[in-house]
Amino acid sequence: MTPAAPSPRRLPPATGTAAGERHRRTARPAPAGSRPRRSRLPRPPRRPHALGRALTALAVTVGTVALAAAPAAADSARASDWALSALHAQQAWRTTKGAGVTVAVLDTGVDATHPDLTGQVLKGKDEVGFGAKPGDKAWAKHGTGMAAIIAGHGHGPGDGDGVLGIAPEARILPVRVILEDKDPQRQKARTDRGDALPAGIRWAVDHGADVINLSLGDDSATAAPVAAEDDAIRYALGKGAVVVASAGNGGDAADRSSYPAAYPGVIAVAAVDRHGEHASFSTHRWYTSVSAPGVEVVIADPDRTYYNGWGTSAASAYASGAVALIRSAYPKLSPAQVKQVLEDTTRDKPAGGRDDEVGTGLIDPAAALAAAGKLTPGPVQPTPAAYPQAYFAPGPADPAKAGSSSQLLANGAATGFAAAGAVLIAVAALLHFRLRRTR
């Protein structure tokens, strides 16, 4: 499908920041009672891949001037966070802040001791079973950042510092299904734990998840639907859990379909910048549902510093937080109703009401809450039927081989979420968060 010509989409500028500004990562003393800060990681080397070039081009578009550190009296991370203003969070919080809702974050783990998340993180599950441990440098960096976008409550006097999530009273259920890019055992996890994602989805549902955030995916040349993953998502939807996933970061590359975003029933989220414009790296495909902030958004790191990140992973997290607000206020709505109301109440809609770049437009949690209040809760509808194989991205020549990831790997095939050679949206492999770290 050819995307419709994008129409101008403008967001209100964030208070205290100018359009195109970049946040300089700064170190601040850890709050009382937190663990000692570890030395931060060195700046990752630049990689000569297509998306890296795309992000460079994007940087030229939004501005490249590095800012001086914010005054000591202000928290630079909070001051640089334009997304909450763009999403009308304060208006939505007049109704709810997400209390009573559990959001499962299927990712690289979550640092429950981070000052922006203390008291919010439930006991989770490690579906990988090896790799970096809590406290190691290559542990829970990406997952912690996504959890803070969803349910961060900040820290310091009046919780005025750090990252404030879109649903700051929601709870986080961490499920580790992938390893960080710099984890030495990441490749082993990709080959030996092909069933981690579907197992993690089922475990999260069985342990109370109302919303499942999947800031990860596979859009490699061999990506194809995997029965175990599709079945797990349909299981979640059938149990009343809403599933949200990042649309993919291949927009400036091959722009292939990404899984799990492309599975039926999933809210697939594209990324926009602070002006509401589609991010060039954000995949534009038929399955895109809505869009959310995903360019130069503030990310909390386990090492107690903050940085600006790019990626549809962040967009997915913001959308999951918005869904948490809806489920908090109206818990009896079905996943299909939540998905529909989120799509129907977007702002800055493209010409024709929808396109492959931004879906139906930028999510508006306040508008979604207002519309949801007018709905009559319906029973959980039958889970959607799987789309025909031809509707998905290219897969294996023999459709019969599209079984569980672990079986495919055992047979040497490169299909499915954890297949060898697949590119994960999580972390640097396909997540493509560009870290802007300063010392």
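Note that Cβ sites are derived from N, Cα and C of the backbone, with glycine treated the same way.
If you look up TrEMBL, you'll see 1-11 marked as compositional bias 'Pro residues'. For 35-49, the entry in TrEMBL reads compositional bias 'Basic residues'. The domain 'Peptidase S8/S53' annotation in TrEMBL covers 98-361. Per TrEMBL, active site, charge relay system is recorded for D107, H142, S313.
Where TrEMBL records a feature, it is marked here on the structure.
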residue: D107; record: active site, charge relay system; DSSP class: strand
residue: H142; record: active site, charge relay system; DSSP class: helix
residue: S313; record: active site, charge relay system; DSSP class: helix
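Looking at H142 (active site, charge relay system) and D107 (active site, charge relay system), their Cα atoms lie 7 Å from each other.
Using a 10 Å Cβ-Cβ cutoff, D107 (active site, charge relay system) registers 30 neighbours. Each residue contributes its Cα atom, and for S313 (active site, charge relay system) and D107 (active site, charge relay system) those atoms are 10 Å apart.
Neighbour count (other Cβ atoms within 10 Å of the Cβ, all protein chains): 30 for H142 (active site, charge relay system). Neighbour count (other Cβ atoms within 10 Å of the Cβ, all protein chains): 34 for S313 (active site, charge relay system).
Averaged across the domain 'Peptidase S8/S53' (98-361), the predicted model reaches a pLDDT of 96.
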